[in-house]
Amino acid sequence: MRKKITAYTSVIVFMLISIISCSKDEEILPAEFSIDETMFDYAGVMVTEFSSKSFTITNTGGRDLELTSFSLTGDASADFSTNASENSLSAGDSYVFDVVFEPQSEGEKNADLVILTNDGKKTINLTGIASPQLVAAATLSTTNIDFTNVEIGASSSLPFTITSTGDSDLEIIGYSFSGANASDFTTNGTATTVSPNQTSDVSVTFTPQSEGVKSAVLAIETNAGTFNVAVEGNGTAQPMPVISLDNTSLDFEDVELNTDNDLILVVSNTGSADLVITNFTFNGTDASQFSVQNVVTPLTIAAGTNTSVTVQFSPTSEGAKSAVLVIDSNVADASVSLTGTGIAAATSVMQFSESPISFGNVAVGQELSKNITISNTGTADLEITNANVIGGSSASSFTVIGGTSSLIRTIAPGGSYTFEVKFTPSSEGFASGSIRFSNNSSENEVSLPMNGTGTAPAQPAIAFSETGLNFGDVTVGNSGTDLTFDIQNNGQGNLEVSTIRINGANASDFSLINVSAPQTVMTNGYYTVNVRFTPQSVGQKYAQIVVESNDPTKPNYGIIAQGNGLQATTGTIVNIPDANFKAALVGNSSINTNGDGEIQVSEAQAFTGEIRVDGLNILDVTGLEAFVNITQFHAENNSLTSIDLSQNTAVTRLTLKGNSLTALDLSANLALETILIQQNSISTIDLTNHSSLVNFQCGDNNISTLVLPTTANGLRTLYLEENQISTLDVSMYPDLRTLVAYNNNLSSMDISNNSRVISLHVRNNNLTSLNVANGNNVNFIYMVADGNANLTCIQHDAGFDPLNPPNTTANQWSKPSGASWSTTSCQ
């Protein structure tokens, strides 16, 4: 505040009482001006501030001093002011006045105060320095405050800061809200002074009184001006739980007395706050027959979730029952109507199709089975919880097929279950036992008696339909007409034939055709044996067909076979029953040298070339045995189901591709170098002694047992694809070049010892191990191993990259996606 200037005059009157005697010629002194300062420097004063200086004028003369005017002159005269005015001072009096320096701009200011008196003009030099004005200023940490969502009736506070950023103190005068929703906002801010560079922390509180977006403006009045802060918030409804039931009524229907029936009630909270269930109560006449299971109250269900409540009906008397389930909670109570009917308990009744079970007489070691049906003639499920065969030492003669555990089951009312029980007496005499059933019928334990009598053991009795086999005269090298006999069982027990063999000095002249053992011949049954006579030399031949069996009296029972080998003569005709085969042979002038339409034995024996009868629909090649000196036999794409090559021991090349062979005996053909038997149905091949083998191809058969030569240094080619081969060892064949075995069951393959292999195809097997590091990978034509899902690693030659073979058109390598290449052992 500006200081007011008050002029005052001090008159000092000096009363000099002197009794002076003066002559009329005495001299009077003039007025004289005296001031205390004639120059003044106000130093530093801020612009628009002021500084005041008092000056004193004294009349030191003898007469009155007249002060006629005071005036300010000079460039800065406007920055100075005075309260001095004209005055008259008696001798010795003083006059005090003020000069105020109030600069309006910065810088040095100079002016003169000129005083006119009757003692002359007097001047006071005035100087002042105006410094810059100090200004108050402020900044706010934010000018917008958003409270987002606040529940109605709740409060939320957010802070902001006022900072004094001026040169002068910031004076905060007051706070006020304006706007339509001003009443929803308050502040803790109060009037205060904030020094420069200091802060004042203020908070605004939002307390919505209704839903919706609320806004206002907070005005902050200061000496630096008015600052506004926009405030906003959204008033939201207070969260409330809402109870919801998936059913408002539960019908338990018919429930047996003294049993329980449970139904599930789903209680959901579709509100926005926790639902607290404080109690479940039942009202009504039959309330005591209903209950809630496994629920502890208070039960809290979070917003948006649910819980399942088990409601149980346990009728204690017959008839319709009802009650009301009331659910007390922190919102409006909910209720569920409950109904059910108590009915008399249903019972199960267990009955058997035969009781007791009587097996009658059964030979020791034999067995007899019966099917027994368990029926439930009651009104409730029959629960069989356990079953055991009991009855002492003879109980072991009775067996439930599938085991007694198979009898443990539930049989619905009116339903049934059939099982098989077997009597196998181990000794002669009466045997008895029972099957004891634990169940839920009125009789908790029910026994089903069983009995039977073991009689003397039934024994098989072997017999032959023929007393002997006589093939008569047969030319050496030819086969006579096959003869058969039946192995018969005239006893009471099964005849188990373990072996059928040919014994005797001439056993090699006789053979069993399509005969296999073991065989089981039932009582009064038979098994037919087919025998062939092919004499190798002239003379009477004898052999015995021996049948080994479980006949206690004749465990090795035999039948004599005989025939006479005749010397072949020039005119002897070879028997060739298949017309197509015969036509092909007769049509070959190199074989049928006399052109008579028949093949003489001498012609067959003299022929040393090849027989080729491909694609002629030949069913039988009987007569081929006469061609004992042929070197090649080709019979591709015919309909052969069997072939006898036992006499063709000079054959080196055999082609039987595309027939219907199921078996092939090559044990006599040890000169074979090439065997082509693809596209048949052969399951077993034994080449143990075929050391001359070079090329073997058996693809597209059903071979599961393959016995390769023990030694075959010249074996170069193996085509074994499309079979059931599970094991294959080729390590002993140093000259092997090509191995094709895709679509088999091989689990491992190792050609590391086969340094000449250049082609390997093992796609679609079950390989888990594959070693192709044979030192010759660089020359491979292909190596195909994909389609082996369990193969994880393939070992190859060091220095060879299967991904970049030297000749990409001739050296193709493939593997499963899950397998890796390795130059070290994969084990």
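Using N, Cα and C of the backbone, Cβ positions are placed for all residues, glycine too.
As recorded in TrEMBL:
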COMPBIAS  806-827  compositional bias 'Polar residues'
DOMAIN    28-122  domain 'Abnormal spindle-like microcephaly-associated protein ASH'
DOMAIN    138-224  domain 'Abnormal spindle-like microcephaly-associated protein ASH'
DOMAIN    248-330  domain 'Abnormal spindle-like microcephaly-associated protein ASH'
DOMAIN    351-454  domain 'Cep192/Spd-2-like'
DOMAIN    460-557  domain 'HYDIN/VesB/CFA65-like Ig-like'
REGION    804-827  region 'Disordered'
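Counted with DSSP, the domain 'HYDIN/VesB/CFA65-like Ig-like' (460-557) comes out as 3 helix, 55 strand, 40 coil. Using DSSP to sort the residues of the domain 'Abnormal spindle-like microcephaly-associated protein ASH' (28-122) gives these counts of helix, strand and coil: 3 helix, 57 strand, 35 coil.
Over the domain 'Abnormal spindle-like microcephaly-associated protein ASH' (248-330), the average per-residue pLDDT in this prediction is 92.
For the domain 'Abnormal spindle-like microcephaly-associated protein ASH' (138-224), the DSSP-based tally of helix, strand and coil residues reads 3 helix, 54 strand, 30 coil. The DSSP breakdown of the domain 'Cep192/Spd-2-like' (351-454), given as helix, strand and coil counts, is 10 helix, 62 strand, 32 coil. Across the domain 'Abnormal spindle-like microcephaly-associated protein ASH' (248-330), DSSP classifies residues as 3 helix, 52 strand, 28 coil.
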